Number of protein chains: 2
Amino acid sequence: MAQRKQGTLIIIGGHEDHEGDREILKEVASHISDGRLVLATVASHEPDGYLERYQASFADLGVTEISELYVEERDEAAKEEKLAGLDDVNAVFFSGGDQLRITSLIGDTPIYQRIHEIFQGGGVIAGTSAGASVMSDTMLVRGSNQTSFRIGDLSMAPGLGLLPNAIIDQHFAERGRIGRLIGAVSQNPRVLGIGIDEDTAIVVQGTRFRVIGSGAVYLVDAGAVSHSNIAEAAADEALSIYDLTLHVLSAGDGFDLETRRPSRAEPG
Amino acid sequence: MAQRKQGTLIIIGGHEDHEGDREILKEVASHISDGRLVLATVASHEPDGYLERYQASFADLGVTEISELYVEERDEAAKEEKLAGLDDVNAVFFSGGDQLRITSLIGDTPIYQRIHEIFQGGGVIAGTSAGASVMSDTMLVRGSNQTSFRIGDLSMAPGLGLLPNAIIDQHFAERGRIGRLIGAVSQNPRVLGIGIDEDTAIVVQGTRFRVIGSGAVYLVDAGAVSHSNIAEAAADEALSIYDLTLHVLSAGDGFDLETRRPSRAEPG
């Protein structure tokens with residue numbers, strides 16, 4: 001497959017460090033040459049203070065011109081003045097909240113088209129927590145923490161579609177989410193499960209990513225699964241699935257999304 | 001390998017149901033023909049009420065003669081009257097608490113010898129929570145919940161040694177323990193990781209077990225692992241490990257501990 005011309009995705013498992021060495025924010029900043037970033041706070045019901053926080057954290061990293069993109073209602077996402085806020089922008093950062101707010105408010109709107117264009121044109125799209133989940137074609141929207149997956153726990157919705165053939169989960173170890181990610185990939189092993197810890201991110205370029213940050217990234221690959229009861233068991237029964245492949249990656253590891261093989265990362 | 005003559009282990013992930021259909025307690029009762037059970041409450045600092053609770057839950061399941069085994073100090077474990085409590089007993093149930101209390105108080109004592117004899121003679125040894133963890137050669141004694149494993153998180157101790165080549169973890173999905181179980185097996189892939197949810201158990205006979213109860217059992221097999229940083233990375237770094245095999249089993253599944261293959265269970 002030819003190398004795509006698209007840009008960079010920085011997909012963060014939530015709670016990226018803002019006070020210490022800010023490794024993840026530094027990575028975001030390193031992809032921004034003009035100092036401009038749009039902070040999309042659409043996922044949040046109460047985005048007050050988000051802009052100021054990111055402005056403070058990015059100030060000495062060279063990202064000095066941060067503006068906020070927020071819509072309360074879907075019809076705002078078609079307005080000229082909202083779209084104008086994305087003119088000549090090459091970097092968008094989705095903050096956390098509820099991923100369904102992002103997709104239901106801006107999905108299939110001119111804003112969404114513009115964000116795709118920024119990515120296809122070589123820009124950087126970052127997202128943390130809910131902003132991470134929306135990156136994939138299909139996203140997890142609900143699903144319990146700290147429990148094994150039950151057959152009836154379906155909880156997916158169409159995402160923004162920036163990362164194909166994958167499903168992202170965030171706050172991964174911290175909220176005990178391996179059960180629901182396994183449930184998600186059991187439904188169609190075409191989809192690779194990517195569980196990202198807090199203060200941890202994957203930096204996707206082309207068909208490869210590398211891991212940065214303090215935690216781990218879990219890759220759940222159902223490609224070799226020999227049996228599961230997902231299609232047959234009753235809704236309240238616990239999932240049974242044999243022969244999952246699991247990789248746990250940390251800083252310095254890389255992954256090829258086409259071959260589904262981990263490796264020590266090439267310097268990014 | 002010839003079928004061993006030993007008895008049955010019933011290894012429970014904690015919080016087995018006492019009020020509803022009591023599936024796990026029924027399984028324990030089905031292995032007891034003389035109505036007698038010794039409840040070993042050694043793991044607990046405050047075992048008051050345990051005996052009465054198990055007496056009430058087992059009363060109509062045919063287990064009518066339940067006595068308590070408790071020691072405050074290690075020297076009690078050699079006393080004649082304590083040992084006499086295990087005379088002609090074919091079933092012992094370890095309740096929860098701190099697994100290090102069990103091994104430090106009765107490890108290598110006459111009581112421990114007697115429990116091994118009961119098992120080798122075809123009896124049943126059950127354990128829940130801490131009482132589950134002690135079953136293996138090496139047991140997890142500490143280790144964080146809801147976090148990815150860090151290289152320095154060593155947290156194992158010698159267990160009772162009833163289940164060889166395995167390491168048990170309990171309250172598994174409920175406490176987000178996949179990270180620490182992966183950490184445990186990364187240290188020596190000879191050991192199979194077995195994570196058991198609450199109200200869920202494995203019933204081990206010979207080299208096979210089957211799963212009962214309402215949750216799931218996670219088998220983490222590091223046999224095919226191609227890379228890990230466990231031996232080299234600094235103590236505060238997150239574990240990196242490639243090519244773990246993961247099976248999620250639920251009621252109706254079985255597992256062969258020699259071939260490490262899951263299968264639909266033969267009726268037990």
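We number each residue from 1, going along the chain as drawn.
Just so you know, glycine gets a Cβ as well, placed from its N, Cα and C.
There are 24 other Cβ atoms within 10 Å of the Cβ belonging to A:S129 (active site, charge relay system). According to DSSP, A:S129 (active site, charge relay system) is assigned to coil rather than to any helix or strand. Residues or ranges marked as active site, charge relay system by TrEMBL: A:S129 (among others).
DSSP assigns A:H171 (active site, charge relay system) to coil, not to a helix or a strand. TrEMBL lists A:H171 (among others) with the feature active site, charge relay system.
Counting only residues at least six positions away in the same chain, the Cβ atoms of A:G13, A:G14, A:H15, A:E16, A:Q170, A:H171, A:F172, A:E174, A:G215 sit under 8 Å from the Cβ of A:E198 (active site, charge relay system). According to DSSP, A:E198 (active site, charge relay system) is assigned to coil rather than to any helix or strand. Residues or ranges marked as active site, charge relay system in TrEMBL: A:E198 (among others).
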Let me check the 10 A CB neighbour count of A:H171 (active site, charge relay system). How many other CB atoms are there?
22
